[in-house]
Amino acid sequence: MAEEHKHDESVIAPEPAVEVVERESLMDKISEKIHHGGDSSSSSSSSDDEDEKKKTKKPSSPSSSMKSKVYRLFGREQPVHKVLGGGKPADIFMWKNKKMSGGVLGGATAAWVVFELMEYHLLTLLCHVMIVVLAVLFLWSNATMFINKSPPKIPEVHIPEEPILQLASGLRIEINRGFSSLREIASGRDLKKFLIAIAGLWVLSILGGCFNFLTLAYIALVLLFTVPLAYDKYEDKVDPLGEKAMIELKKQYAVLDEKVLSKIPLGPLKNKKKD
């Protein structure tokens, strides 16, 4: 009996060690699962982040491509304000300073009314204005002796040199550019530019027969004060119409080129280019 009791104890004794080993193995497995789960979750989260970044990046490419493909009238790549020069003249034409713009347009309108409707001549108007100004100042200066008041302070007027030089330089550059364009058109290198120049001069000759130079200048000034501002507000509606018109003009020019212009003999400069 004692031997059996010892044998039973020897059999029962190892059980706690086995249980400890099993528990350790279970803990290891659980920790491994937790570790792998964290890795997978982190990898999945990183992959999700990458997917989200891709999703956010994908819509930007078509919008940028659409922006680059938007047609602008006359192929402009800058705002209307920059096209007009971007300085004070552009501010006036775009009505950035409403008082100054209204003053310039009102002065031009008054001058047109005086010279065109009232049929005043420029030299006559200048002489009459100078007569009135000199007479008023002369009488005022002499009248101060009798009424014991100070004479009028007549300001000294000087024309600054720098603005005049800048204006002359700008005019010189534009005139030289116009001369070079006319020379290029007359040399026979570009038939398309030649036809555009002839059509433009023909339209101007018709307008010149209907209006005098002062009226044409006033109409051009009014257009400068109205058309750029209206186009800047409604460019999204005007540009598609301009694109359709340009496509139609190109089609008509292609037909004209095929039937008429291609049969016209070109100048020697064009033949030299081909050689």
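Heads up, the Cβ atoms here are built off N, Cα and C, so glycines get one too.
According to Swiss-Prot, the features are:
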COMPBIAS  1-10  compositional bias 'Basic and acidic residues'
REGION    1-68  region 'Disordered'
MOD_RES   Ala2  N-acetylalanine
COMPBIAS  20-38  compositional bias 'Basic and acidic residues'
COMPBIAS  59-68  compositional bias 'Low complexity'
DOMAIN    89-274  domain 'Reticulon'
TRANSMEM  99-119  transmembrane segment
TRANSMEM  120-140  transmembrane segment
TRANSMEM  194-214  transmembrane segment
Close approaches to the transmembrane segment (120-140) from elsewhere in its chain (Cβ under 8 angstroms; 6 or more beyond its ends): 114, 151-152, 154
Whole-number mean of pLDDT values that fall within the domain 'Reticulon' (89-274): 86
Tertiary contacts of the transmembrane segment (194-214) (same chain, 6+ residues out, Cβ under 8 Å): 112, 115-116, 182, 185, 188
